[in-house]
Amino acid sequence: MSRRVVRQSKFRHVFGQAAKADQSYEDIRVSKVTWDSSFCAVNPKFLAIIVEAGGGGAFIVLPLAKTGRVDKNYPLVTGHTAPVLDIDWCPHNDNVIASASDDTTIMVWQIPDYTPVRNITEPVITLEGHSKRVGILSWHPTARNVLLSAGGDNVIIIWNVGTGEVLLSLDDLHPDVIHSVCWNSNGSLIATTCKDKTLRIIDPRKGQVVAERFAAHEGMRPMRAVFTRQGHIFTTGFTRMSQRELGLWDPNNFEEPVALQEMDTSNGVLLPFYDPDSSIVYLCGKGDSSIRYFEITEEAPYVHYLNTFSSKEPQRGVGFMPKRGLDVSKCEIARFYKLHERKCEPIIMTVPRKSDLFQDDLYPDTPGPEPALEADEWLAGQDAEPVLISLKDGYVPPKHRELRVTKRNILDVRPPAGPRRSQSASDAPLAQQHTLETILEEIKALRERVQAQEQRITALENMLCELVDGTD
């Protein structure tokens, strides 16, 4: 009698667990916009969530440590004149975030390490080039200040955020609305899915479609695609009978899928989050109350189901923490930030291990915050793999770094409203001086506020003492 052999994998017993109630973020009015983005972005310093806002679009940025109930007057990042549809943290600067909006613009923001007193209303730079709403943002994985945007005008634009100029514009490659865009690991190719049901692999610098597959999933509902570590494409979509489906494809042979699996009949679009270090893909459906996860290997059937994390509440969106933001001492291999209607709840994925030592096999060197290329080098045709860091001693975020924007090109794109003044080498120190003065003003205002509150408390205590003495 033959015994069934269990597949060997260190991730077979990965389990998900919701964080304790005091580690959640309460009383956040999560956006109700009908758009299939994650509405949440997270890095080792901050959590950003798109929120409901009257008279425009806004999102809230919270330090990760600021758990519990969020004050209703907590400062927001406002500036868009229509709802914000997507946000994405820069992988090379934890204080820089980009936002895309229904107002056709992209704004790039510098988030201070301290908690601001008022709403942040002035972006570092505004990028204008789309004629319809912008719903997708993605930073280049290895080149500094390179940002991709895709809009309802079926155009993909790649920007140099440091100068505000358009590096590349891919106008004629998509005949219909673009559903998703994903870079490969070194940023030489992008994978896109479109309403015309075609999966495309594009070389953005040549402006050419390298490979394409029509009807990777036959259903009409939106499809998603991500690159895997092996260079394959992992997709989620729908069958003709509206069943949710996942697929794995080899771009060198798009005729037949490497793997194709039907899942269930729910109608929420599955958002795939891929971890290249463990080769695990997590599937989070908007409106679902579960997160399924699969391991992708080079052995048949190639996509192996691991487990499902289930909870009672459906998710409005999900944020995925980069590997360098995880707690390696607890064998944490992934962390999600699940959006409810009025709160955000961390979900922690852990590999059970008895030893307290650093687990080398779970944490290979992972992409760090240093870019491998400058924007001009990438545009000239250079490619480079991400600069890796070790997580053995835990990741320490670098000190606050300012996003430098070269004024020369900004003036070419958007003329200044005030009188012109000559550019000089003293501009950078002046900008730093202005930032320092702003910080000092805010500190002064906070100090005065604290003193006023102390005086009020003293006066109230004196009144209470008088009342008590009077009753005696």
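Glycine is treated like the rest: Cβ placed from N, Cα and C.
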| said: In TrEMBL, one of 16-43, 72-99, 436-463 is tagged coiled coil. Which stretch would that be? | reply: 436-463
| query | Given 249-271, 341-363, 387-409, 410-432, which one carries TrEMBL's region 'Disordered' label? | reply | 410-432
| field | Same-chain residues near the repeat 'WD' (171-212), Cβ under 8 Å, at least 6 residues beyond its ends | value | 36, 136, 138, 140-143, 146, 148, 150-152, 154-156, 158, 218, 220, 222-227, 229, 231, 233, 235, 237, 249, 251-252, 254, 276, 378-379, 381, 383-386
| the repeat 'WD' (127-169): which same-chain residues, six or more beyond its ends, come within Cβ distance under 8 Å? | 35, 37, 82, 85-92, 98-108, 175-178, 180-183, 185-187, 190, 192, 204-205, 207, 367, 371-375, 377-379, 383-387, 403-406, 408-410, 412-414
| remark: Averaging pLDDT over all residues of the domain 'DUF1899' (4-68) gives 91
| DSSP-assigned states of the repeat 'WD' (77-119) in counts, ordered helix, strand, coil | 0 helix, 22 strand, 21 coil
| message | Do any residues, 6 or more residues outside the coiled coil (436-463), come within under 8 Å Cβ-to-Cβ of it, and if so which ones? | response | 112, 114, 116-117
